[in-house]
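Colleague: So Swiss-Prot lists these for the protein:
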BINDING   Glu26, Asp69  Mg(2+) 1 binding site
BINDING   Asp69, Asp71  Mg(2+) 2 binding site
DOMAIN    20-100  domain 'Toprim'
Amino acid sequence: MYAENYKRFEELIDKLREFEGAIIVEGPRDEVALRNLGVRAEIIRLSRLPLSEIALIASSYGEVMILTDFDRKGEELARKLLRYLEGYPCRVDSETRKELKRIAKKDIKGIEDLYGLYLKVISVSDPHLEGIR
């Protein structure tokens, strides 16, 4: 990741921490990474139910963030989820995923790698903060 993206990456992590809706991820390691980052929002894993049921459950939170991985499968899942969620009265955030992908794709394959990248970024951007956050 380029140094000029460190601040924006940290802002996106803060956005995840402050999010109060439901976050949709692919699997348990993605959930663990988000919890390690301090995310307190409801996390719904795709590995448990059909997409139509996931969309219904997630929409009940009023606000939904799609955080699938950055590979072809993750892209396809994100597109399908967006289509399912269009039929529900909820706000869908797919932009956070797109921005994370844009600034971090060279460093990580997916959501499960966010925590490791975060630790790396804070140690490089401000070594005095390592271990504090």
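Glycine is treated like the rest: Cβ placed from N, Cα and C.
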Colleague: Have a look around Asp71 (Mg(2+) 2 binding site) and count the other CB atoms within 10 A of its CB, chains all included.
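Modeller: So the number of other Cβ atoms within 10 Å of Asp71 (Mg(2+) 2 binding site) is 13.
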Colleague: Let's see if you can do this one: DSSP helix, strand and coil counts over the domain 'Toprim' (20-100), in that order.
Modeller: 38 helix, 15 strand, 28 coil
Colleague: Which residues in the same chain, at least 6 apart in sequence, have a Cβ under 8 Å from the Cβ of Glu26 (Mg(2+) 1 binding site)?
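Modeller: Set apart from Glu26 (Mg(2+) 1 binding site) by at least 6 residues yet with Cβ under 8 Å, we have Arg45, Leu46, Ser47, Thr68, Asp69, Gly74, Leu77, Gly110, Ile111.
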Colleague: Note down the number of other Cβ atoms within 10 Å of the Cβ of Asp69 (Mg(2+) 1 binding site), including every protein chain shown.
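Modeller: Excluding its own Cβ, the number within 10 Å is 22.
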